[in-house]
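As given in TrEMBL:
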- 1-22: region 'Disordered' (REGION)
- 358-393: region 'Disordered' (REGION)
- 41-63: transmembrane segment (TRANSMEM)
- 99-121: transmembrane segment (TRANSMEM)
- 195-221: transmembrane segment (TRANSMEM)
- 227-246: transmembrane segment (TRANSMEM)
- 289-308: transmembrane segment (TRANSMEM)
- 328-348: transmembrane segment (TRANSMEM)
- 469-492: transmembrane segment (TRANSMEM)
- 498-518: transmembrane segment (TRANSMEM)
Amino acid sequence: MSLPNSPRSVPTETSALLSSSPLPVDRSLNTQSWYSPIRRVLFTSLLLAMTFRLTQTTLIYAFRVMTCDEYYKTHDWVGERGDDKCSLPKIDAESASHVALMSMMTTMGTIGNLFYATWFIKRHGCKATVFQQTFWIALRNLADIYAINTGGIRGIRIIQASQLLNFLGSPGGIQIACNMYIAILAKAEDRTAKFGVLTGMVFMGSSIGFSAGGLLFFPWLGLIGPFYAAFGFLCFTTLSGSLFLPNIPPEDSQHRDVEKKKRCFLSPLKIFIPTKHFVRGAAKRDYNLLWLGLGAFFSVLATGYVHIGLQLVGTSVFGFLPGQNSIMLSLNLMVKAFFLSICFPRIIKHGRRWVSQRPTLPTPPPTHNYPEEASQAEEPDPASFPQRDLPPSPADKPHGSIFDLHFLRWSIFVDGVLTALTAFSTNSWHLYLAAGVLPFASATGSACKGVVMDLLVDPEQRTDALSAIALVEKLAQVSTISVFGFVFAALSERGHPALVFFINGCTAMVAFMFTLFVRMQTTGKRT
């Protein structure tokens, strides 16, 4: 705090009349202490990701058990003693249809929650959003506990209906809030790297949740055990998040002008509409966000099915058992967490440094044309006056942000090549190798967020932009399961199921082509 008569408190002719700080965030937010706000956000994301995965495999098994119980209410068991009485094609088919309906309800609620979470962040801030989302997820978890204790078709219907609560609280909405935390708290030059670390924490938490739910809670506490554990973790995370997460004023308290207030509930969809830029008096259409959105969609469409394809190919071609598939999936998630948390930030740091230090052409010396008469002299231009104390914009060259765009393009390209090479697997260890190598090209989502934040949108559009990217990724995840599910079935009938990876790789090349059209945003007035 400066004294009243200190030099910093004395206004000068070049001092700004209004403060340029967009957010009243404490300067200690960017510290590297172990208890820094960013690390608290990362820890909360890891804990929540682990909690969400605790019940995933158990929930699928619970559907099979409840379907089996309902089946034998009207049928008698005629098999041998000791056999699995639930291992019947009719039970498997009914269980699959129940799971498919639940997945559809979950998807509908999650997509709606992306819009709701964006609106809630603008009105109440990130901290309130995380608290609100976990409350409804915990309530849904209680409904699942009641449904499993009820059993039968009634329990199945309760679980399916409870998925509508995803509209008010889902992992997707929490991730938007955590990404917004990173966008605000991280320095401009560190933002892309922190997005990668956040995604790495989510993968690490997911890996721990898969293992803990299937290997610890289920064997020791039975079918209901993982759900009790998940409810306990949700209560703990809700309480700790409300106490320890940083409190940042919502966007609506920072921007009060009428134009920004006109933004509606569906404003994230407007992000991809091409806008006009007036550069030196000429109007130009900006398609950057549209091309980037298409690139992100096809990238997730190409790679979102890979982990499912690895399990299906391993089972049908190499005879993998569930234990082998679990090991392969855990390996894939842990390598992703390692790459995004450790390697990716260093790649971005050194890449940006290399870009910012590249030599540029020397600026020619200015030529001065002195008028012979006073009447020929031009009036002074205020824009030519020396400017001081102006903070650099996030996309300034010293940050090297353009490297994020180059990394995004070639990461998609390398991912497509490696995925296509997986189609030539002839031994079971080839799939394990693919599960361990493919994550090293898995940072496209984090790089995409960094490009949007630093190069393509204004600060007040960050919430809408993050929600729009999350919406595109979610739609691509839903599409890839249906599209490549049919492709895999068709290739399996012809005896070449592994060729699905080659088609995945070709789809990634389409995403790569779209990102080639993305250019660094030119300065100018947007309309």
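Glycine residues also receive a Cβ, built from the backbone N, Cα and C atoms like all the rest.
Where the annotation comes from TrEMBL, it is an automatic prediction and has not been curated.
Among the recorded stretches 195-221, 227-246, 289-308, 469-492, 498-518, the one sharing the largest number of Cβ pairs closer than 8 Å with the transmembrane segment (328-348) is 195-221.
Remark: the transmembrane segment (289-308) contacts the transmembrane segment (469-492), by the rule of 3 or more CB pairs under 8 A. Here the transmembrane segment (227-246) does not lie next to the transmembrane segment (498-518) in space: the count of CB pairs under 8 Å, restricted to residues six or more apart, is fewer than 3.
Within the chain, the transmembrane segment (195-221) has long-range Cβ neighbours (under 8 A, six or more residues past its boundaries) at 41-43, 45-58, 175, 178-179, 182, 228-229, 326, 329-330, 333-334, 336-342, 344-345, 348, 443, 445-447, 449-450. Note on the transmembrane segment (498-518): residues 287-288, 291-292, 294-299, 301-303, 305-306, 309, 313, 317, 405, 408-409, 412-413, 415-425, 451, 484, 487-488, 491 of its chain, located 6 or more positions outside it, place their CB under 8 angstroms from a CB of the stretch.
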